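A short write-up of the structure that comes next.
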Amino acid sequence: MATSLGSNTYNRQNWEDADFPILCQTCLGENPYIRMTKEKYGKECKICARPFTVFRWCPGVRMRFKKTEVCQTCSKLKNVCQTCLLDLEYGLPIQVRDAGLSFKDDMPKSDVNKEYYTQNMEREISNSDGTRPVGMLGKATSTSDMLLKLARTTPYYKRNRPHICSFWVKGECKRGEECPYRHEKPTDPDDPLADQNIKDRYYGINDPVADKLLKRASTMPRLDPPEDKTITTLYVGGLGDTITETDLRNHFYQFGEIRTITVVQRQQCAFIQFATRQAAEVAAEKSFNKFIVNGRRLNVKWGRSQAARGKEKEKDGTTDSGIKLEPVPGLPGALPPPPAAEEEASANYFNLPPSGPPAVVNIALPPPPGIAPPPPPGFGPHMFHPMGPPPPFMRAPGPIHYPSQDPQRMGAHAGKHSSP
């Protein structure tokens, strides 16, 4: 059997021999000094089934080893990473990118048509400079607002973590902390993200990650202009230490005349005031959730009028200089709302036990006229008899909780200590 590349028995002339892979920053890892192994014609591409050069490396400490999954020709056709198959420009799945650019790339899937299509694309790639994608993607020049909102601007290195240890899930892992796999609870098997296919990811069909991102894009918030037509100022937050006034002016000058740009380095924000309301509305629409400078996504909102900020300061109890006022001592706090009529009638404010009917107090009535008893010596006539002790069959008053409730507290036992 011939094994030379010149033999067309197995179409070896189309086998790939590369010196460096096409990778995204996330798959490459955060360590700039990595050791990468190269295996010439090590595996076949999972899309076109042709042998290609396989690269294998470890992206960082406590990360799993990664390798290239598709050949560079298939990677250039879709402008994706050879490992994760996400778009190199936006970091999104192919299905989301194609939906944002409003085009559908129908690649052949049968063996013969796929090989013929790949050879034609390789010829087109060889005639280009290799910096731009070919095919339908190379003809799409317009950008999408949805892609700018969903784009991942920073690497997500947690994607390189090891897989979950199956022995730990069964309770049989004996490696402990030395186990190279994760000791975590696996995801729900019914979760759509648990079942992913590399071919579905490449062709942009039935991708659960793409479906999740498209649903998020449909429910993404909007920035509505304020009702006050005099507001022409935009707030830009999250500047950091690297973004300057020149960077902001280079972005916002295209929307209209800029009156002033005020950068507050202490709060890491800026205020851009336009000359007209129309320019401010266009800038807010084109920059909301899409303003990225030096790989940093900035937060764009509408500014507030001086009257609205003054009312808010009065409500918060702050002065114009931002000093918080202390509450005046001696003033009562907020009182609870009064109870309803039914609740107030049945409320027990002193936690007293329920008692029966009120005790009857023996009050002597005045005698009929003409039959008044003689007054005691030394006293004038009186109208009421002195109160006597209650009869034994009558109920005593309720329980006593405080000394002031005792009816015999003031000199009731004086007769016991007096001399006979």
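Every residue gets a Cβ built from N, Cα and C, even glycine.
Per Swiss-Prot, compositional bias 'Basic and acidic residues' is recorded for 309-318.
The annotation SUMO2 cross-link is assigned in Swiss-Prot to Lys139 (among others) on the grounds of similarity to another entry.
Look at Lys149 (SUMO2 cross-link): DSSP puts it in a helix. Its own atom aside, the Cβ of Lys149 (SUMO2 cross-link) has 15 Cβ atoms within 10 angstroms in the protein chains shown. Summarising the annotation, Swiss-Prot assigns SUMO2 cross-link to Lys149 (among others).
Look at Swiss-Prot and you will find Lys290 (among others) tagged as SUMO2 cross-link. Here Lys290 (SUMO2 cross-link) comes close to Asp145, Leu148, Lys149: these same-chain residues lie at least six apart in sequence, with C-beta atoms under 8 angstroms from its C-beta.
If you look up Swiss-Prot, you'll see 232-305 marked as domain 'RRM', on the strength of sequence analysis.
Residues or ranges marked as N-acetylalanine by Swiss-Prot on the basis of similarity to another entry: Ala2.
The phosphoserine annotation in Swiss-Prot covers Ser4 (among others).
Marked as phosphoserine by Swiss-Prot: Ser102 (among others). Cβ neighbours within 10 Å of Ser102 (phosphoserine), excluding its own Cβ and spanning all shown chains: 9. Mapped onto three states, the DSSP output places Ser102 (phosphoserine) in coil.
Other Cβ atoms within 10 Å of the Cβ of Lys212 (N6-acetyllysine), summed over all protein chains shown, number 14. Reduced to three states, the DSSP call for Lys212 (N6-acetyllysine) is helix. Per Swiss-Prot, N6-acetyllysine is recorded for Lys212.
According to Swiss-Prot, the feature region 'Disordered' maps to 303-343 (among others).
According to Swiss-Prot, the feature region 'Disordered' maps to 372-420 (among others).
Rounded to a whole value, the Cα-Cα separation of Lys212 (N6-acetyllysine) and Ser102 (phosphoserine) is 18 Å.
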